[in-house]
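Student: Can you keep this structure in mind? I'll have questions shortly.
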């Protein structure tokens, strides 16, 4: 028996105090080693950025260049061994393909000779005389630079030095100044080769330019419907959830009834002796059975989780109160999206500069092609890891900011006096103490995504070469990595919330979350599943 005043046993001293799960006022920096590693990693990214600016030639991609190494619209320096290089193309801003209707890609380069011209032919040119007349009238020479316009009809090699006849009418594409054929047959061949196989940036921007009104309208409509759905959740959460559940039940029962009715109608039809009708009847019977099973499962889950539905609705109401006290939380995804767009644009610009970092090499006919420099491919992979890791870090900062702000509002004891500027307080806590935790969690997600990216690259590269077994293996690997990604993403999100509340490092937060979820697994599973299901329905209706 222990005497009064005697020291407590060692086992009692070592017993950890249970976690209080309240926002901590006094914190310490967590996972500082990962912050230092991320700084070193970004130092490498900045080196790649500087190297791409110094060694890259983005002007070749934006303005286009001819087959002799001249950038259109620019004054060029000569390339040794290429007599037609180093010309002043200041007035020749358009890229013209001499064989635009029969483009082919051979060894990752176009088979057609490319020239810089002052204007694109807007009408079809059927003979060399018309090509010569077009050059005299417009000052736009469509034959190789070494051939004067007066010799277009006299030189015996004019057929190989001048464009293939007839020259289709063309129009300069905005921004990139490529002469794009306007005849349907020629344009389809031109687009399938140039846009799909060579000029990827051209393809992306052309798609955006052609459908910009539709894309903008759909984005505005989606934003309006999402805001409407959010305000509906704000004021009539319980009623809305009940309406969703009623719609689900009604829809499933309606589908089952229609399928069984069609099956009954087929069984009493006189034409059932036909083979096609028999197959249709079997398909209807299969669909009817599957829909009935799904309906029964969904109805059973709704009945079993009916009490958890009330808990989910209460959680939605708590979130609504937090948003009501801090409405700027609604704009947090917009800020994150703007930061991501800025980073992605910068990343693409560096990638394009890396893609154009090559050494000029003279090939047959005095033409010039650019070979990638040594080590560029390794920089591409490093740059790709930087894209994934930094994007995950930005998203993690958003999650921790929202979690910290919601925790501040939720644990506020005086409900009549909401906390001042919870978002700024959460941001300051994040950047002062928990950047290392955000970096560590985002690196964990990056590690799981890189194998998926490599598998996707290998699958696309070997699409036409592997058989059924290899396709099955690829799909199994995709499925395994997808499941791993979902599980880890759920774990990391909960760990970020624990860090925002308790101020612990990533591993401790993940351990606390696992312990808490294991003790309340039924509540966590039902609330998460049903909550995700309701949010999914809201997205579908939006």
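Every residue, even glycine, has its Cβ placed from backbone N, Cα and C.
Heads up, here are the entries from TrEMBL:
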- 34-54: transmembrane segment (TRANSMEM)
- 215-236: transmembrane segment (TRANSMEM)
- 243-264: transmembrane segment (TRANSMEM)
- 284-305: transmembrane segment (TRANSMEM)
- 334-360: transmembrane segment (TRANSMEM)
- 380-411: transmembrane segment (TRANSMEM)
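Can you walk me through where each of these features ends up in the structure?
Tutor: Residues 350, 353-354, 357, 379, 382-383, 386, 389-390, 393, 435-437, 439-440, 443 of the same chain, all 6+ positions outside the transmembrane segment (34-54), place their C-beta atoms under 8 angstroms from a C-beta of that stretch.
Beyond the ends of the transmembrane segment (334-360), by six or more residues, the same chain brings 48-49, 51-53, 55-58, 60-61, 69, 79, 82, 201, 368-373, 376, 379-380, 383, 386-387, 390-391, 394-395, 397-398 to within a C-beta distance below 8 angstroms of the stretch.
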Student: Using a Cβ cut-off under 8 Å, which residues of the same chain at least 6 positions beyond either end of the transmembrane segment (380-411) come close to it?
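Tutor: Hits for the transmembrane segment (380-411): 22-23, 38, 41-42, 44-45, 48, 318-319, 321-322, 325-326, 329, 332-333, 336, 339-340, 343-344, 347, 350-351, 354, 418-419, 422-423, 425-427, 429-430, 434, 437-439, 441-443, 445-446, 449-450, 453, 492-493, 496-497, 499-501.
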